[in-house]
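Engineer: Below are the features listed in TrEMBL for this protein:
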TRANSMEM  21-39  transmembrane segment
TRANSMEM  45-64  transmembrane segment
TRANSMEM  84-105  transmembrane segment
TRANSMEM  117-136  transmembrane segment
TRANSMEM  148-167  transmembrane segment
TRANSMEM  173-194  transmembrane segment
TRANSMEM  215-236  transmembrane segment
TRANSMEM  286-309  transmembrane segment
TRANSMEM  321-344  transmembrane segment
TRANSMEM  382-401  transmembrane segment
TRANSMEM  413-434  transmembrane segment
TRANSMEM  440-460  transmembrane segment
Amino acid sequence: MNKSLKSQAIHGLSWSLADKLINQLGSLAVTIYLARLIGPESFGFIGMLMIFMLLAESVISGGFMQALVQKSKELTEADSSTIFYVNMLWGLSMYVVLYISAPYIAEFYRQPVLEEISRILFLVVIINSLSIVARAKLTISIDFKSQTIASTVATFFGSILAIWLAFKGYGYWALVWLILSKALLNTITLWFFCRWFPSLVFSKDSLKSLFKFGSNLMIAGFVATFVNNLYVALVGRYFSATSVGYFTQSVNLTNALSGVISSTLQGVTYPIMTSVKEDKGRLVNIYKQLISITMLFSLPVLVGFAAIADSFVKLFLGEEWLLAIPLIVALSFARTITPISAINMNILNAIGRSDLFLKVDLSKLPMSLIALFVAIPFGIEALAWAMVFTSFIAFFINAYYPYKLFDFGPIKQLKIAFNYILASVVMYFAVIFLDIGGGIFELILKIVVGAIVYILFLWLRKDEFFMKIVGEVMSKIKFGNKV
């Protein structure tokens with residue numbers, strides 16, 4: 001990676017990481033606090049509706065954000081304006097469809113209250129459709145600073161509103177307005193920083209060109225969203241709203257932890273990999289480094305969270321959420337492989353092969369559906385372990401084309417991550433047997449012991465990538481002391 005790209009990557013990574021730490025973890029903290037105030041059932045109501053909202057948004061974006069970024073060097077005003085109008089039209093259309101569908105959704109779940117909730121909550125579909133082009137333009141510029149500020153403003157004020165509503169006894173409406181207010185504030189702030197407004201132009205050629213790339217991602221995104229959220233939808237159909245609340249909160253917690261690392265790195269490196277897609281050597285080098293750094297940090301976080309799940313739930317969520325503990329453990333293990341799987345998919349987009357992206361996602365659909373329907377008669381814990389199974393099988397499927405295109409398949413990827421896997425296993429067993437009666441001190445002890453064991457193990461193994469990072473950190477500390 002040359003100095004220009006490296007400096008862009010470091011600058012973008014710093015701001016993107018700040019975004020995830022401030023906003024994803026901030027939102028997670030607020031959600032945990034709200035969980036104590038309003039309980040699992042309210043979370044269950046929102047969880048039941050998420051699949052419909054996310055499916056609509058996958059159609060609206062249509063892969064257009066990735067298409068705009070992928071075309072960054074040749075992007076025209078006609079391209080941007082056309083996609084803006086298409087997204088806006090799709091957003092309005094999807095909302096109308098969802099509004100009409102509200103009574104049927106409520107009937108499907110046998111929860112009449114969902115009709116009123118859904119018609120308000122689904123407004124987020126229109127709001128988010130207006131932010132896609134602005135976000136794409138900031139991403140092309142690797143301007144993650146502006147995106148971080150926008151997310152922070154939205155998270156801060158949206159969280160204040162939600163907490164106030166929860167204290168006033170509005171229950172699930174606190175979650176509805178948290179989602180809506182964050183989306184609205186984020187969209188407004190992104191537009192402020194983007195400083196771009198659509199022209200009165202609509203190009204069929206632009207739409208055709210961008211849709212050719214984006215349509216594959218749209219279908220792939222729709223399928224992935226459907227499969228990933230079908231678990232929650234079926235829990236809502238066959239179990240209580242409270243069970244959906246347990247499952248939704250477990251998914252949110254584990255997704256947030258894996259997302260902080262993987263989405264940070266992928267968001268920054270996607271435009272960079274796109275810019276060097278013609279240079280296979282540089283692209284593969286960035287790709288390998290991305291896998292190394294992702295697994296170095298994501299594995300201990302997710303395996304560690306599985307190890308401390310019991311202490312975490314008792315301390316932060318309370319006795320009402322104890323049944324979520326086995327779900328959190330299972331889903332933490334499921335997410336350990338998700339970041340590396342996502343990288344394998346991301347590189348296909350970077351080289352403009354959204355057709356392969358679609359093929360991979362469609363090939364995973366039968367497996368996911370079979371696992372889902374086999375597991376559901378055995379309860380929600382069985383569903384969580386079914387997700388573990390499908391996540392690991394999906395990794396091998398996702399790594400097929402990287403093997404074919406770059407000779408960098410699943411075995412070589414796992415070899416890179418071998419030390420981190422081994423260190424995480426040792427860390428897990430070192431932590432789960434610690435018991436000093438619960439409370440904050442036990443949680444802190446587990447985290448500290450886990451971190452020490454993981455770092456010490458990699459140090460003793462002299463892991464090349466780990467030692468390189470340690471060396472760079474130490475050199476900067478020494479340089480800082482001299483200055």
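Cβ atoms are placed via backbone N, Cα and C, with glycine included.
Keep in mind that TrEMBL annotations are predicted by a computer and have not been checked by a curator.
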Engineer: Contact between the transmembrane segment (321-344) and the transmembrane segment (215-236) is defined here as three or more C-beta pairs under 8 Å separated by at least 6 residues; is that satisfied?
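Structural biologist: Checked: the transmembrane segment (215-236) vs the transmembrane segment (321-344), no contact.
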Engineer: Let me check one thing: do the transmembrane segment (117-136) and the transmembrane segment (321-344) come into contact, meaning three or more Cβ pairs under 8 Å with sequence separation of at least 6?
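Structural biologist: Not in contact, no.
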Engineer: Which listed range (21-39, 84-105, 173-194, 321-344) shows the maximal number of Cβ pairs under 8 Å with respect to the transmembrane segment (45-64)?
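Structural biologist: Ranked by Cβ pairs under 8 Å, first place goes to 84-105.
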Engineer: Let me spell it out: take the transmembrane segment (148-167), skip the flanking residues so only those 6+ beyond its ends count, and list any with a Cβ under 8 Å from a Cβ in it.
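Structural biologist: Answer is 15-16, 18-19, 22-23, 26-27, 30, 33-34, 37-38, 173-175, 177-179, 181-186, 189-190, 192-193.
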Engineer: Does the transmembrane segment (286-309) make contact with the transmembrane segment (173-194) through 3 or more Cβ pairs under 8 Å, each pair 6 or more apart in sequence?
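Structural biologist: Not in contact, no.
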Engineer: Same-chain Cβ contacts of the transmembrane segment (440-460) under 8 Å, 6 or more residues past its ends?
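Structural biologist: Apart from its flanks, the transmembrane segment (440-460) reaches 300, 304, 307-308, 311-312, 315, 419-420, 422-424, 426-427, 430-431, 434, 466-467, 470.
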Engineer: What parts of the chain pack near the transmembrane segment (413-434), using Cβ distances under 8 Å and only residues at least 6 beyond its ends?
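Structural biologist: Apart from its flanks, the transmembrane segment (413-434) reaches 288, 291-292, 295-296, 299-300, 303-304, 306-308, 336, 340, 344, 399, 402, 442, 445-446, 449-450, 453-454, 457-458, 461, 463, 465-466.
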Engineer: Given the transmembrane segment (173-194), which of the listed stretches 21-39, 84-105, 382-401 has the most Cβ pairs that are under 8 Å apart from it?
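Structural biologist: Answer is 21-39, with the largest number of Cβ pairs below 8 Å.
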Engineer: Mind checking which residues reach the transmembrane segment (21-39)? Cβ under 8 Å, same chain, six or more beyond either end.
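Structural biologist: Beyond its ends, the transmembrane segment (21-39) has Cβ neighbours at 148, 151-152, 154-156, 159, 162-163, 166-167, 171-172, 174-175, 178, 182, 242, 245, 249, 252-253, 256, 259-260, 316-318, 320-321.
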